[in-house]
Amino acid sequence: MGINIPKLFLSIGLCLGAGTMGSFFTFSAIPEWYSTLNKPFFSPPNWIFGPVWTVLYVLMGISLYSVWLKRRIPTVFWVQLFLNAIWSIIFFGIKNPTLALVDVAALWIAIVFTTKAFYKINKLAGNLLIPYLLWVSFATVLNLSLVLLN
């Protein structure tokens, strides 16, 4: 079976689109607000987030495509994508790290369920989500640290 290019591009585009939506709230808040927060010693430099998230969204899109070729997309995928997209709105848009922590914790749970569901359908699809799960694990600890330090 060949690659369905339109379906692949749509899959990646949907995931990148979720990230792009969140970035509209992020960029202006970094110099105005985020830079004023107390951060933990392990907080990465701001420039690293864009490249990391771009790679993760592309991997997520390829994973989505791999599952979409075989069956209907599990609802939990759409739940995690929504939770992912609104985190930036909550954290940077309304500047509420505590509510963002609740969101990212729910996101982490949704990613675990998505990874398991995708793995059952296509092992590669599930494995492609592992870096995303690891990064969101780190993001959850970072978010918690920001709540505690501020």
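Every residue gets a Cβ built from N, Cα and C, even glycine.
Through the fold, the transmembrane segment (47-68) approaches residues 4, 7-8, 11-16, 18-19, 23, 74, 77, 81, 118, 121-122, 124-126, 128-129, 131-132, 135 of its own chain, all at least 6 residues removed from its boundaries and within a Cβ separation under 8 Å. Under the heading transmembrane segment, TrEMBL lists 47-68 (among others).
Same-chain residues lying 6 or more positions outside the transmembrane segment (75-94) and placing a CB less than 8 Å from one of its CB atoms are 14-15, 18-19, 21-23, 25-26, 29-30, 33-34, 60, 64, 67, 100, 103-104, 106-107, 110-111, 113-114, 117-118, 143. TrEMBL lists 75-94 (among others) with the feature transmembrane segment.
Long-range contacts of the transmembrane segment (100-119) within its own chain (CB-CB distance under 8 A, at least 6 residues past either end) are made by residues 63, 66-67, 74, 76-77, 79-80, 83-84, 86-87, 90-91, 125-127, 129-130, 132-133, 136-137, 139-140, 143-144, 147. Here TrEMBL flags 100-119 (among others) as transmembrane segment.
Taken from TrEMBL, the feature transmembrane segment covers 128-149 (among others).
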